[in-house]
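Copied over from TrEMBL:
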DOMAIN    55-149  domain 'Cadherin'
DOMAIN    150-268  domain 'Cadherin'
DOMAIN    269-389  domain 'Cadherin'
DOMAIN    390-506  domain 'Cadherin'
DOMAIN    507-613  domain 'Cadherin'
DOMAIN    731-838  domain 'Cadherin'
DOMAIN    839-958  domain 'Cadherin'
DOMAIN    965-1116  domain 'Cadherin'
DOMAIN    1117-1226  domain 'Cadherin'
DOMAIN    1227-1335  domain 'Cadherin'
DOMAIN    1346-1448  domain 'Cadherin'
DOMAIN    1453-1570  domain 'Cadherin'
SIGNAL    1-19  signal peptide
TRANSMEM  1803-1827  transmembrane segment
Amino acid sequence: MWNYFVIFLLCLVANPLSGQKSLFESEIGGDENRRLNIGVNLPPKFLPGGDMEGFSLPEDTAVGTIVYRLRGEDPEGSRVAYSISGDHLSVVRNTGAVTLVKPLDHEAAAMIEVIITLTDEKGPTAEPNIVSIRREIIIEDRNDNPPKFSEPSYTFSVNETIGVNTQVFNKILISDADSGSNGEIKLTCLKQKSPEGCEKFAVRSQRIAPGKFAGIVSARSGLNYEESSRFTLVLQAEDLAKEPGSALTSTATITVEVLDVQDQPPVFLNAPYRPVIQENSPVGHPLMKVLVRDGDTGQPRDLQLDIIDDPLGYFRVSSFKMNDNIGSATIVASDNPVDREDQVILRNGGTYSFGLKATELVGNKPVNDFTVENVTVMIIDVNDQPPVFNQAQYSIGIPENLDIGEALPGLDMTVSDSDTGVHSQFGLELIPLRNADNIFEVHPMSATGRTPVLIKVTGADKLDYENPDRREMVVQVIARGGGRRLSSTATLTILLVDVNDNNPIFEEPSYSFNVVENSAPGLLIARLSATDADSGVYGQLRYELRGFGSEHFSVNASTGDLSVGVCGLSTCLDYEDQDIFTLTFTAIDGGGKSTSVPLTIKIDDVNDNPPVFEQNQYRRLIQNRAIDFDPQLVLKATDKDGMRKGHSPPTQDGRISYSIIAGNTADNLFSIGRDSGILDVTRPINATELGEVRFVLTVRATDSGTPPQHADTVVTITVGAVDGNDPPIFQQSHYHINVVERATPDSFVIQLNATDPDGPTENLRYRVVGGSAVDWFTVDEVSGIVRVARGGALQWDQESPLLTLAVAAVDQGQPIAQTATATLTIQVEDINDKPPSFDKQLFIHHVAEVTAVGTRVLALGASDPDTSSQLRFRLTEPFQIRNKGGYLRNEIGSEYFSISETTGILTLTKPLDHENAAVVMFRAEVEDMNASQEFPNQTDVAEVAIYVQAHTDNGPIFSPPWSPAHPIIRAEVVEEQDPGIIFLTLQAHDPVTGLLISHFELVDEQKPISEALTSKQPDSGTSLESLFDQIRFTNDTESVNDTAKSILDPDISSLIELNKLTGELTFKRRIDYEELVNKSLQFQVQAIAGEAENRRMSLATVKLDILDANDNSPQFAEEEYKVKIPESIHHPDVLVTVSATDKDSGKFGQILYFVSGDGADLFVIDDPTTGIVRVAPNVSLDREKQPSYTFTIIAADQPQGSEEQQRSSVLVMVELIDVNDNAPAFTQSSYTAVVPENAPLDWSVSQVEAVDPDEQEGGIVEYSLVNGGRLEGLLTVMPNTGSIIVKGPLTGKGRSEPYVLTLRAQDKGESPLFSDIDINVYVGDITPNDGVPSFVKPSFDEKAYIVEEAPIGSIVFQALAIDPDDPATPNGRLTYKFLDDGTLGSDHAFFEIHPATGVVTTKARLDRESKASYTLILVARDQGTPSQQATRRLNIIVRDIDDHPPQFIRTPYDGPLQFSVLEQVEPGWCVDQLRASDPDQGENAAIEYLIIFGDDAGVFTLERNPDNLVRLLVKGTIDREVVDSYLLTIKCFKPAEKPSELRKMYNPQDTSEIQVKITVKDIDDNDPVFVQTNITTGVRLNAPLHTEVVRLEAIDPDAESGPVFYKLLNVSFIRAHHYASSGGDTQIDSSPAVAKTFDLDTSSGLLTTSQTYGLFVDGYFLLHVCAWTGEESRSRKAFNTLKIYILRDSELMKFVFTKPPPDVKPILADFRQSVEQSLELPLTLNLYESQFYSRDGALDFSSTSSCFQLVGKDHVFDLKDTELLLNAERNQRLRSVYDKFSVANLERCVPRGTLYEINNLEIWLLVIGCLIGAMALIAALTTCCLFTRYESRMKKLNPGIQVAERSGTGTRRSSSIVQPHASLLNLSPDSQIYYDGHSSLARSVL
C-alpha cells in the first residue's frame, strides 16, 4: 500500500507533459546554454547617467574644467576605454573624465555635436567591441554681452508747453547679443547722476526685434523754460540676467533743450515790498525802488507799471524806465500827506497797503498779461497828537473816612494819546483849585497811550465832614504831551459824604467786680455805660456781654445793667468750677461801630463741698513680716473748695487732713500721714502672732473750711497671699542648647525647672507658646522636659541654623493663674546626611583619535550640600566599547581612562583606535567619604559616553599648521577686497602618491554628532545600550569635529568661491566688516585624492578672520551745533558736547576731538576722547565786547595718527546770552540836599542818576530808599527817575546835623545787581517838639504769636516807635505802656510791657482752648512839652500745642461698628468711613489711622482725608466663600507717633482703638465645582438595568446658591482595538441609541445603566455632564467628563483581602489612593463590587475579593501589564500597602482554564478513529494508482485515442491537438493532464 503512495508522488514531480521538460531538465538545460556562451565577446554598454544624454554646458565654463564623467561596463567584466570627437572636449581614456579644452561661445555656436565611444578589451577568440553614440550638447547662454546704445549721446529739443505723459523722443536704439532673458533690456534714468532730468522725463524700452530695443522718452511733469532751459538725462540699459547679481549695464547721455513760449506773466525782481515811511513826509519823498521784468526771458516784452488799490492816494510812480528788458521805477509820496492816525491805518496796526500792477505791452499797448504785487507800508508815527480826557468835567461824591493812598471811588477818568510808542507818552499833574490843598494826588504821574487816571488821597486827616470848608473841593488835572501845544485839562468836583466815624467811649478802660458764689440769680452787680459823639442813629448805643462764661450773667441792652444770670437753680455760680470770669463788655452804636472794655468778675469761695477720695475703697496685699508696703500705699482725696480749676496748690479751705477712725489694732499697727495720706505699718507685721490675715481700716479725710466737712473710705489689708497669686519663676529666663540635625523623635533636649512662690511647684504646667521652632519640639506638661517632636523633620539650614522656642510655666492659683516665660535658643548642628550629586546624569564628550596618553579629557562636576563632605570619584561597571560598526567588543573599557579621586578629572591612559573603539561608555560614581554612620553609602552615579573621532593615515594632508589632531586652518583678510582676489590657497598632498592634491571642494554644512546627541539627551535612567542607539556613526572618510560650528552666513557659497583644481579661495563680492554680525567666517573644505571607488579625503576647518579697514570717516550727530550760553560761563563749565560715530572698529573706530579755528584759544576739550567742549581756563567771555563766536571741532580716528587717518569737522556757533553782570553806577560819588521841615508833600529834595551797560531788563535801573534812617517814610525816591520827594510831614525833624539816607540803584535783571550811595539831607528846624511819635512795630494789623502754656515771662513781641525829634532830648525820648481804657476788657492783664524797650511778656499761663486771641493797645509817648504820643493795636494769637491725644467717641461697653460690603468688589471700593476727634487745632489736630488687628491678609486699607475723616477701602480680593466677615481693630495716632506696622489685640479701655465688623455679602460669583473630575470607571458587560455606575457630586461655594442640578449633555461610544489610541481604527458612535444607554438623576447626580451592553464591547463610553444651581438658562455651570469602560470579567483582576467584606468596604477608598501613590504613574485604579472570596468553589467568609481594573490616561492596561505593575516583589512601597490593608493575593477575576484529564475509554476511542482515517487514505491512493495503470494500458492498445479527465462540469473533453502549455506548478482542479507514450519516467514508474 505504501508503494503505491510513493509512486503517486513521483508522478506529480515528473510531470511528463508532452513537449515540456521537467524541472530538473530545465535546470540542466540552462547550465548547458551558459557553457555554450563562454566564448562569445558581448559588446559593452553605457551606464545610465554616464552617456551624456541631456547634457549641456554653460558658455562661461573655464577651459580645463572637468565637465562630465563617462561611465560604462562590459558584460564580461573587462576594462573599457572612452573616447570623444570634436575640438572642444577631451576625455581620459581609462576614467571617462571629460575636460573642456576650447572656450565656448553661445553666440557663435549654440550647440556642439560629439560622438562618444566605448570600447571593451579583445577576447580570446573575438575582436574588441566598439559602441558609439552621437550626442548634441547644448551651450547654455551666459550673460557675457552688455547692452549697447547705438550712439553714446543724444540731443533733442521740446517746447515748454508739452503735455504730461507726451512722447518726446524715440530715436534711441539699444541691442544685446545675449539670448533669452539675458538679452532682455530694462531702461532706466539714473537719478543719482541726473536727478532733475529724471524728475521731468520718463524713459522706457520697447522691443522691436530679438535683441533690439528702442528707448522712448516722455514728459513726466510740466516744463518751464524760465526755471530750467536744459536738462541732462543719464540713461542706463540693464539686461535681465537669470543669475542674481550678474546683470550687465551700459549708459548713454541725453541732452534736452527746452524751447521758450510766451506763457509767463511779469515778475517783480525785488519783491516782496515792506517799506517804511514817516507820517507827514513831504511830497516826492522816496518810498522804495521797484524792479520788474517779463517772466518769459526768451522773448521778453516791454512793461507798464501802475499803482492800484490806493484809496487814500498817498503814493505815486515816478520815472519808470525799461533798461535791458528790466523796468525800474521809484514810488514816492504824493501831495496827500500820510497820516498814521487815520482810521484805516489804525485798524491795520499802523500799516497801509496798496498794489503795483505790471502789464505787458505789445505795440505799446497793454495786453491781458499782468502781475499784481502787494505793497505793505509801515507808517512811523510822529508826535503830533495831544493827550485827550474822556470828559472835560467830572463830579463825584466820596466818604469822609477814606484812608491815605485810597483812590477816589466812582471816578472814571481816562486819558488817551493816539500817537504810538514814545510819542504817546505824556505827564499828568494835579492842581488844587478850591479847598483841596495837599489832600489829593494824581496817579500815575506819567503814562503812555490810553491810561485810566486815579486820584488818591494824601491828606486823609483833612477829610472831615464836620468842617464845612471841606464838603466841596475842586481840582484840575493837566495832561502834557510833547509841549504846551500838545496839552489838555479836565476839572474834578469832589463832594464829601458824612459817615459814622466816632466810636463809643467808656468812662473806664476796664472794669472788675467781686461776687460770692452763692449769690441769688438776678442780683445787680453794676451799671456800665458809654457815650458816642455821633448824633442821630449813629449816637444810639446798645450793650452786649461776650466771652467764655458770659451765660452766667445778664446785661440790659439799653441801660448796661450787669446782673447774675438766671439759670433755674438757687445759684448759677460755682467757685469750684470757675473762680474768675474774664469777659468783654461792648457798646455798639447805630452805625455798627463798637468799643469793648475788659470786664473781670471774681467769684468768692464758700465751703460747700466735702472731700472726695480717688477710690471708693482700697485693697492691698502685704507680705507676712513685711516692714512696709511695696509699693507705697497712698490715699488721696480732693476738695473742690479752694481748688480753683487749673490752679494749685489749694487754698486754706481746700487743705485736707487724714486719720484712721476705725479698724486699727490696739497698739496702732497702722498709721497714716496727716497731710500726705501715706498709710504704713508701725512695726513688722506677723499674721501668726496677730491671729489675723485681714484688716479693714476706716480712713477719714477732713477739709479746713468753716464748718469743716469730711469723707470716709475703707482700706482692706491682706497679709500673705490670701487674695493674691504670684507668678512662677524659672531658674533661667534664657537657655542656650545644641541639637543635632535629624535628632530622633522624642529624644531628650532639656528639662526646664520653675518654682511657684505661693503654691506647690508640682502643680505647674508647661506649654510651648511661640518661637520659630514650635513645629520641631514639644514640652511635657508636667515635667517640663523638652523633646524633639514626632514627625518633626529637623533640618540644618545654612542660612538660619538658630531656632527659638518660648515655653511658659502656668500655676493653678486663684483668682487668676499666673504665667512665667523662658526662651530657648537652639543651635542646630549639621550632620553629614545628604548624598552628593553630579552636575549632570549624562556626560558626553568627543576625543580625537590621536589624543596623546596622559591628556586630561573631561572634568566630572559634583557637589554635596553638607558642610563636612569629602568627595571621592571612581569609575564603575558596566564598561562598554563599540567599534566603528556599532558592535560591542569584548574589551575592558577602564583601560582607556582613569579618574582623579579628588577632582573627578578623566585622563587618557591608553592610545585610542577608532576602528576598535569608536565609543567608550562607562559609569562614574561619587561618594561622600565623611558620611554619617546613620546615613552610609552616600553616592551618586552618572553615565559617561566618550566618542572617538576617526583619523586616517592615508588621507590627503594639508599644509601645516593643519594636523589630523587639530584640523584647523586660520587666515586673515582685510575687508573691502576686490572680488576675485585670492585670500587663501589651500595646499595638500597625497601621502600615498606624494603628489599635490588638485581636487578641493567646499563641504556642505552638516549637523555634527555632538549636536545630534545633545539635541536629545537621554535621561538618567537610560541604559548604555539604548544610549548607543542614538549614535550615528560615520565612515572613515568623515571627520566629526566638535569645533565645527554653523557657518556665519546662510550660504557660504554666496560669499566664497573655491577653485577646485588650485585650491584658491576668493571672495565673490566685497565684504564689509561693519555689516558682519560675527567678524569671523568658518567653513569646511575637503581635499580629495584617488578615483571614484578609491576616493580618500580629509577635512579642514577654515577659520577666516575679517579684519577691519579704516574706510569710514567719523560722522557727527549733527550737521552743525548752535549753542546759546550765558556770558558768565567759566572753566570747567560745559559749553557743548559734540558726538561723532565711526563705523570702524578697534583703533579705527576710536575718535579724538580737538578745537580748530578762531576759537581754539578760547575753548578747549580737556579729554579729547569725550567731545566735551569747555571754556578755556582763565578765559572770561564778555558779551559787551564780543556777542558771538564761531569755531570748528575736528573728529579724527586712529589716535596714533597715520596716512589712513580719517577726519570730519563740524561748525560750532556760540551766541552769548547777556547776563546781568554789571551793577548800576551812580554818576556822582556823593549827594547833599537841604529841605525845610515844613516842606509840602511832593517837594523835590534832590535827584540821583545811575547807568547800567547790560541789556534788556538787566540795563533798566530802578531807585529805592533802602535806609531812610530817622526820615523813614517821610522821604521817598521815584523808582524810574531817581527824584527824591517829600512823602510825609517833616514837622519836628529839623536839626543841625544831617540825616544820612542810603539810596539804592538796582537793575531789573534775573539776579538783580545794585549799588548803594549815601545822601546827606539837612532838615531845617522851625517849631520845637513838633514831632509826633510813630510806630515802626507793630505795623497796621500786625499779629504776634505765642504758644499756649508758655512760661510766665515769655517774650511775645517788642514794640518799636520813633520820634522825629532828637532822641537825646526829652522831645525824642519815648516810653511804652498799655492803653488801659477798658474798651478791650482785661486782655492786658495777661501781659506787661517794658516802658523803655517795648518788650511785651506774659504775666500768666495762656490756654488756647480757653481763649485763642488777645488785643492790646500800645502807647508810645515822648517826654516833651507838650507831650506827643501814638497808639497802635497789637493782636496776639495763641498758638496751639499738641496736648490732647486723639480718640474715638465711644464707651468701653460699645460693640464694634457694623459695616457690610459685597464680595468681589473692585479695589478702592469704600466700605464706610469713620472719624476720631482731637480738640487740638491745625497740624496738632491731625490724626492718622492704622489697622492693627484682624487684617492679616491685607484686604483693607485706610485713606485719610484732610479733615481727619478716614475711609475704609477695599485693597485686596474679598471672597465670601473664603472669609464671610472681618473684625478689624483700628487705632488712631498722632502723625509722628504712627508706626509703620503694629499688631495688637483690641483693648476696649483704650479709646484710641475701635472695632469694626465687616460682614461680607454674598453674590453669585462661583461656578459649581465637581468634587471629582475626569472620572474613569467601568460597568460590567452584563450589568442589570439601573445598576449604579457612579454618583456625581458638585458643590456651589456661594451661600445662597440653592440645590445643585445635573444634566447629561451627550454620550459617545468609542470602539477601538484593545482600547488603545493606536493599533486599530477608532470608531466613534454618537447615535441616539447610544445617548440612551445611561440615566442621570437630575437632583441626586446618580448615574445608572439603562440597558445591557452586549453590543458595546472593546470600547468605552464618553459622557459629558454639567451641573448648575438656580435657573439653568442664567446660572453658572460646571462641566465634567466621564469615561466608562465596558468590562468583561475575563479582563479584570481581583485583590484578595484577608478580611470579610464589611471590614473591607470602608477602607477601599484609602486603599485605592495608596495603591495609586505607590505606583507613581498617571493611572487610575477602578475597584468594583466586593464579595466573599470563592476558594475551590466554596465561599471563604473570612476573606474578600474585589475585582478591579487599571486605567491609564488613554488606554486600559491588559492583564499581563496589570500583573507586572502590581507585583509587590518589585515595589517595596506596594508591598507595604498590601501589608497595611491585608491583601493576601492578586488573582484574575475569572480563573484560567485547566487541562482536561482523559480517561482510558476516551483514549481507545481516539485510537479507533485514527485507524479508520488511515485506512480511508490508503483506499484512495490505491484507487488512483489503479486508474493510472488503466489509462496507460488503453494508450498502448489504442495509440490514437487519448483519454481526458472529467471536467468540472462532469463532461469529458477531447482534442486531437496536444498543447503542452501548463506546468505542474500551474495545475488547477480543472486542469487536463495529457500523457503521451514517450515519457520514459512514466514508463519506468508503471
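Just so it is clear, glycine is given a Cβ too, placed from its N, Cα and C backbone atoms.
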For the domain 'Cadherin' (1227-1335): best-contacting stretch of 55-149, 390-506, 507-613, by Cβ pairs under 8 Å: 390-506
Cβ pairs under 8 Å between the domain 'Cadherin' (1346-1448) and the domain 'Cadherin' (731-838), at least three: no
Tally of DSSP helical, extended and coil residues in the domain 'Cadherin' (839-958): 3 helix, 57 strand, 60 coil
DSSP-assigned states of the domain 'Cadherin' (150-268) in counts, ordered helix, strand, coil: 10 helix, 61 strand, 48 coil
Average model confidence [pLDDT] within the domain 'Cadherin' (965-1116): 68
The domain 'Cadherin' (1346-1448): DSSP-derived helix, strand, coil residue counts: 4 helix, 43 strand, 56 coil
